[in-house]
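> Before we start, here is the structure in question, set down as C-alpha cells.
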Amino acid sequence: MKPDLSVSIAGLELRNPVMTASGTFGYGEEFAEYVDLATIGAFVTKGLSLRPRAGNPTPRIVETPGGMLNAIGLQNVGIDAFIEKKVPFLRSVATPAIANFFGNTIDEYAELARRLDAIPEIAGLEVNISCPNVKQGGIVFGTDPQCAFQVVTACREATIKPLIVKLSPNVTDIVSMAKACADAGADALSLINTLTGMAIDLERRRPVLANITGGLSGPAVKPVALRMVWQVARAVNLPIIGIGGIMNARDALEFILAGATAVQVGTASFINPGAAQEIAEGMEKWLAENGVEDVKSLIGALEA
Amino acid sequence: MRMTAPSEFPAAQPGQFVMVRVNDAIDPLLRRPFGIFDVGVHTPAQTGAASQPYLEMLYRVVGKGTGMLSALHDTDLLDVLGPLGKGFQLGAPGEEKIIVGGGVGLAPLYLLAKELVKQSPVRLFVGGRTRDDVLCITEFERLGVECYVATEDGSLGECGLVTEALIRRLAACDGTPRIFACGPHGMLNAVAGIAAQRNIPCQVSLEGYMACGMGACLGCVTPGHHHSNETPDYRCVCADGPVFDAAELKWEA
C-alpha cells in the first residue's frame, strides 16, 4: 500500500510535508527546469520588501565545515516587480506558493501582508522576523517577544490567508518567542532561520564576508534546529514547519518525530536542485519499508 | 582534468561552466564552479567501442575541494551539474579576435579559441605575476593562435602587464577587433577600460562565490551599469553570466 504523505498546515493542504525554504529557491522559476514542482508540498519564495533591495556587498557566501554562511542581505525585486514579473509564473504551478516577506517597520509589515493577501496565486504568507543579515528591522522583531507580538498582530489584521511566522534561533528562549507569535494569531511557525556566525581568513587577517557576519545553514545546524522544534512543539499548540540542515529523507523524518508537521529544505537545494523532490520520494519509501501508513502518525511521536 | 561525459555534453558553449560535487560527504558541502576548458568526442577508433563524449576542466589546487579533485583516480565517478550559464558571443567571421587571459582564467578561453580559429585570426594575450601563473600556451599555439606572454617579474615573455601589450596591438590593428577576457578582477577591470576608451566590443567572463550556480542563492552577484542602492541592478554571475558584455557592468574607476 502507498503511504499517505499528505498533511494539512494552517489550512494549507500539502500533498507531502516537503517545502523549499525562502531564499534557496528563488521565485520558483529558477528551478522549474530541474524539479517537477508538482512533486513537492509547497515552495516559499525569496523574502519580499516594499521597495527593491540591493542587499549586501560581496563576498556574500562562504563555506564552513558542514555548512555555509550567507550574508545576502535580503536582496529582492520588491513587491511591485514581484506582482508584475514573478506572479504570472505561479499561475501555471499546481503547488502552493508561499510568499516570505519582511519590513523595516510594523506598518511596512502590515502593508506587505495586505498586498500579498490580495494576490490569488499566493496560498500563504510567511513573515520573516528573523534575518540576521540586515541592520534595520528583521532581527529586532525576531528577538524581542513584545516586538514579535506587535508585528504578527499587525499582519494578522491585514490578511485572512494562512499566516506562518519564521523564527530566529538567535535568541535565549525560543519558546517565549513562539508563544508571543501564537498569542498574536499566527497559524503556524517555521523554525529555524540561520544562526549568526562568522568566518575568518587567517592570512589576510580579515573576515571572509563583506558583511563580517552571516547566517549559518546546512547540516551543521541540524541538531540545534531539532532541539528548538522539539521544545516549541511541546509548549505551543500550533503546527510547526521544521527547518535546518535537512539533506535527506531521514533528516526530514527526524524533524517530524520531533514535532514538525512539515519541513523546509534549504541549503540542500543549492547542492542538488532536485533535493526537495528526492526527499519527498525518500520519505514515501521509508514509510513503506517501515510499515507506516500515514506520515501524520509520526508527528511528535518521539519517545522521550 | 578530462572526464567522460554524458552524450549531451559536446553541445556546451564556450564560456559555460559546470558545478562539481567533489564527494558525497558534507565537507566540502557545496559544489565548486569550473569553467569548461574543452569538450569533444573520442571516436570509436580511439575507445575501441562506442563514441564517448568528454569534458575537460582546468584547475589549480588551492583548497580542500581542488585538493580532493587532484587525488581522484581514473575510475572514480564525479557528480557534475551543467553546462550552466551564458557563454561567449563569437562575433562576425573575419574580424580579428583578441583573447586576454590570466591564471586559471584561461579555462573557458580554450574552447572559445577553438571555435574562433575556425572563422577568424586569433591572438591570445596571457598575463601573470610569474611564469608559474602562465598555463597552457602550447595548447593554444597548437590551435594556430598567436600568443603573447607578459609576466610582472619578467620570468616569462615580456616584463610588465599584459594590458600594455594589448594596447600596442590595438594601436596596430586594422579595423575593429573583438576582445574576450577572463582572469583576475583587476585585469578585467583594466581590459574593460581599454575597450571602452576605444569603443571596442569586449566580453568578460567573471568568477564569483556561488552556492547554487543557477540564480537562486544570489551569492555571486555583480553590479550592473545602472546599479545603486536605490535602484539595485545586480546580475548573477552564474545565471546572467558568467560572460557579460563589459559595457553592461559597473567597473571601478
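Cβ coordinates are placed from backbone N, Cα and C, and glycine is handled just like the others.
What TrEMBL says about a protein is an automatic prediction, not a curated fact.
These figures come from a predicted structure and were not determined experimentally.
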> A:Lys46, A:Asn70, A:Ala71, A:Ile72, A:Gly73, A:Leu74, A:Asn193, A:Thr194 bind substrate according to TrEMBL; which of A:Asn128, A:Asn237, A:Asn248 goes with them?
A:Asn128
> Which residue of A:Lys2, A:Lys166, A:Lys285 does TrEMBL report at the same FMN site as A:Ser22, A:Lys46, A:Gly47, A:Asn100, A:Asn128, A:Ile192, A:Gly218, A:Gly244, A:Gly245, A:Gly266, A:Thr267?
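Candidate in the recorded FMN site: A:Lys166.
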> Could you give the mean pLDDT over the domain 'Dihydroorotate dehydrogenase catalytic' (A:5-287), rounded to a whole number?
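Taking every residue in the domain 'Dihydroorotate dehydrogenase catalytic' (A:5-287) and averaging pLDDT yields 94.
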> In sequence order, what residues of the same chain, 6+ apart, have a Cβ less than 8 Å from the Cβ of A:Gly266 (FMN binding site)?
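Once residues fewer than 6 apart are set aside, A:Gly266 (FMN binding site) is near A:Thr20, A:Ala21, A:Gly23, A:Thr24, A:Ser217, A:Ile243, A:Ile246.
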> Which residues in the same chain, at least 6 apart in sequence, have a Cβ under 8 Å from the Cβ of A:Gly244 (FMN binding site)?
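Correct list: A:Pro169, A:Leu191, A:Ile192, A:Ser217, A:Val221, A:Lys222, A:Val224, A:Ala225, A:Leu226, A:Phe255.
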> Count, for each of the binding-site residues A:Ser22, A:Asn128, the other C-beta atoms lying within 10 angstroms of its own C-beta, and report the residue with the smallest count.
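Least crowded of the binding-site residues A:Ser22, A:Asn128, by Cβ count within 10 Å, is A:Ser22.
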> Write down the Cα-Cα distance for A:Lys46 (substrate binding site) and A:Ser22 (FMN binding site), rounded and given in Å.
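Rounded to a whole number, the Cα-Cα distance is 5 Å.
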> Closest to A:Gly47 (FMN binding site): which of the binding-site residues A:Ala71, A:Gly73, A:Thr194, going by Cα position?
A:Gly73
